[in-house]
Structure formats: C-alpha cells, structure tokens
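Pasting a structure here, questions to come.
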Amino acid sequence: MSFEALDLGLVVAAHGRHVVVETPDGERVLCHPRGKKSELVVGDRVRWLPAGDEGVVEHLEARRNLLFRQDEWRTKSFAANLDAVLVLVAGEPMFSESQLTRALIAAGQAGIPCWIGLNKTDLPAAADARARLEPYRRMGVEVVELALKAAPEASRAALAPRLDGRTTLVLGPSGMGKSTLINLLVPQAAAQVGEISQALKAGRHTTTTTSWYWLDEARRGALIDSPGFQEFGLRQIAPTELATLMPDFAAALGECRFHNCSHRHEPGCGVRAALARGEIAPSRYRIYEELFDELSAKRW
Ligand SMILES: Nc1nc2c(ncn2[C@@H]2O[C@H](COP(=O)(O)OP(=O)(O)OP(=O)(O)O)[C@@H](O)[C@H]2O)c(=O)[nH]1
Ligand SMILES: [Zn+2]
C-alpha cells in the first residue's frame, strides 16, 4: 500500500516513543512509530494507521526544516516544519546576548526566519536592552516591542500580524515573559496542554517537553513552546562556517585575504577591519570568539 493512501496527521506532542498525532478534523490519537524509525518531533507530518484506539506511524513526510541544538553529548530537536522562530528578550532580567546569537545562528542554519520580541518595554531597563539589540536591528533582524503584562492589548496587536497563519517556535529563557505571552495569546492554554498530556497518557507530573498551541479555532496559526534554551549547543556547525551564519560577519568575508581566515589573528582580515570601523559590534565579536573556541574544542 502506498503511504499516500494513509491518513495524514500532525505530531503535536512527542514523549519518548509515544507521540500524539492530530487528524485534520482535530482528533488526537496516541501513536507509536513502527519499528526503529528516526525520532519524531513536534511539527512532523506523518502517515498513520489506526490500531484499536491508538495508532501506528508508518511514514514521516519530508521535513521542510528542523531546529535542533547539539552539545558534546547529544542532539535535541526543538521542532520541525517551522515558519518562524520568535526569541523573547527583556531588559530585566537582562537577556543573554550569547543565547540570542546562538538561536539566530541555529535558525539561520536551519533556514528558518527569526525575529525578536523585546518585552517589558514599560521598565526603565528596556533602554539598555534596546541598545544591546541595535547590532541585530542593523543586520536586519526585526525587533518587535512588547509589554505583554503592562500593555497586553497593544502587544497582542503588534504580534497578531506576525503570528497569524504561521507556525512559530517561541524561545525565551526563564523570566523573559514566555508564559505571559502564551497565556495572552492562547485561548485555554492550560486546557490545551492538559488535553495533550491526557492523550499521551502521561502521568500527571510528566510535563511534555515541547507544547503545541493553536492560536485560533480554525487552527491556522500555532505557537510551539519548547524548553531547553539555556544550553544551546551549536556543535552541528563547523567553526569555519560560523561567520557565514552571522550576517554582520558574512558581509565582511569578501575582504579577508585568506579564504580560510579564522578572523582571529590573520593579516588582511575583513572581519577585524569591519570591527575597527565599527560595522561589527564589539559584543558580537566577543561572542564569535567564544563560539569559535567552543566549536573548535576537541570532539569526543
Ligand atoms: N514589567 C513587566 N513585567 C512583565 C511583563 N511581562 C511579563 N512580566 C513579568 O515577568 C516575570 C516573568 O514572566 P513569565 O511570563 O512568568 O516568564 P517566563 O519567561 O515564562 O518565565 P518562567 O515562567 O520562569 O519560564 C513575571 O513576573 C511577569 O509578571 C511586562 O510586559 N512588563
Ligand atoms: Zn577574516
């Protein structure tokens, strides 16, 4: 039988070898992959067959993209088939520029557009955060100003046109306002999660690692909430590839005398010339050095 004849479903939760597949009419079925298939992730499109009141995933449709992080020990997938990644930042607590850069690089390598939500613009510390984001604006990353708690309606209006009809992964370290965002935008957020963990037959205390939330009843737009932003390993990237994934660096690469320039100590380096001219921010160069060393460290 050809796979096309089977039902098409969307993976809305993944927990070990259990996945919850949502049918086109919104029914949720606990499914297991047949055999030793590659790991399924939230956002995957699959072909499946009913088996009693559960199901068996027979086929994984080709992924448009896959966002993952990789440290020395393992690879962890965030989600697949994303339209965009939203990184939520704030001035208090002050966001980590290194984490932001890691997210931008990973999304860039996966071919997924990334934009930034600057939250808590009602606080004085927003001015510092805004200044820190200036190099990112300059290299073309869109920054949307938000005050999710202080000005929820204005924030909703700013977000709606960017989220409508799209699948967006939201990344944000603790304290940036990710829960506030989800509660503002997602009707019955807690119920949606509860329903999925019920379908997973996960214990009450098991929190699924990645959550899928529909933004509208027509199920056109969705938010994906994924933890694990704290240790965002980029081991999938070769040190020499790093600069090509940083747009402000990439713009200067043509000037380097050596094609395999590390932009650390070589003479005639276009990147360091751009740094000296103020076209690359010192903070970006420091993060580059940090990442370059991390990715150059011995692999086990
Ligand atoms: N001043 C101000 N505070 C906000 C705003 N949005 C969220 N906060 C506060 O920031 C804190 C963190 O918000 P959460 O939504 O819980 O953040 P989170 O990113 O989900 O953090 P965790 O729950 O720790 O993962 C809370 O005390 C919120 O009330 C805002 O627009 N302005
Ligand atoms: Zn160089």
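Every residue, even glycine, has its Cβ placed from backbone N, Cα and C.
Feature list, courtesy of TrEMBL:
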- 69-232: domain 'CP-type G' (DOMAIN)
- 80-230: domain 'EngC GTPase' (DOMAIN)
- Asn119, Lys120, Thr121, Asp122, Gly172, Pro173, Ser174, Gly175, Met176, Gly177, Lys178, Ser179, Thr180: GTP binding site (BINDING)
- Cys256, Cys261, His263, Cys269: Zn(2+) binding site (BINDING)
For Gly172 (GTP binding site), list the number of other Cβ atoms lying within 10 Å of its Cβ atom.
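Cβ-Cβ neighbours of Gly172 (GTP binding site) within 10 Å number 23.
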With Cys269 (Zn(2+) binding site) as the reference Cα, tell me which of the binding-site residues Gly172, Met176, Thr180 is the closest one.
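The answer is Gly172.
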Which of the binding-site residues Cys256, Cys261, His263 has its Cα closest in space to the Cα of Lys178 (GTP binding site)?
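With Cα distances computed to Lys178 (GTP binding site), the winner among Cys256, Cys261, His263 is His263.
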Do you know which of the binding-site residues Ser174, Lys178, Cys256 end up with C-beta under 6 Å from ligand 1?
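If the test is a Cβ under 6 Å from any atom of ligand 1, the answer is Ser174, Lys178.
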Which binding-site residues of Thr121, His263, Cys269 contact ligand 2 in the sense of C-beta under 6 Å?
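So the answer is His263, Cys269.
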His263 (Zn(2+) binding site) to Gly172 (GTP binding site): how many Å between their Cα atoms?
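With the alpha carbons as reference points, the distance is 30 Å.
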Rounded to whole angstrom, what's the largest C-alpha distance between any two of Asn119, Lys120, Thr121, Asp122, Gly172, Pro173, Ser174, Gly175, Met176, Gly177, Lys178, Ser179, Thr180, listed as binding GTP?
19
If I take the alpha carbons of Met176 (GTP binding site) and Cys261 (Zn(2+) binding site), what is the distance between them in whole Å?
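Cα to Cα, Met176 (GTP binding site) and Cys261 (Zn(2+) binding site) are separated by 37 Å.
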Taking DSSP as the reference, which of helix, strand or coil describes Thr180 (GTP binding site)?
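Reduced to three states, the DSSP call for Thr180 (GTP binding site) is helix.
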If you count the other Cβ atoms within 10 Å of each Cβ, which of the binding-site residues Met176, Cys256, Cys269 comes out on top?
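Counting every other Cβ within 10 Å of each candidate, the maximum falls on Met176.
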If you measure Cys261 (Zn(2+) binding site) to Gly172 (GTP binding site) at Cα, how many Å is it?
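Cα to Cα, Cys261 (Zn(2+) binding site) and Gly172 (GTP binding site) are separated by 33 Å.
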Could you say whether, by DSSP, Thr121 (GTP binding site) belongs to a helix, a strand or a coil region?
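Assignment for Thr121 (GTP binding site) reads coil.
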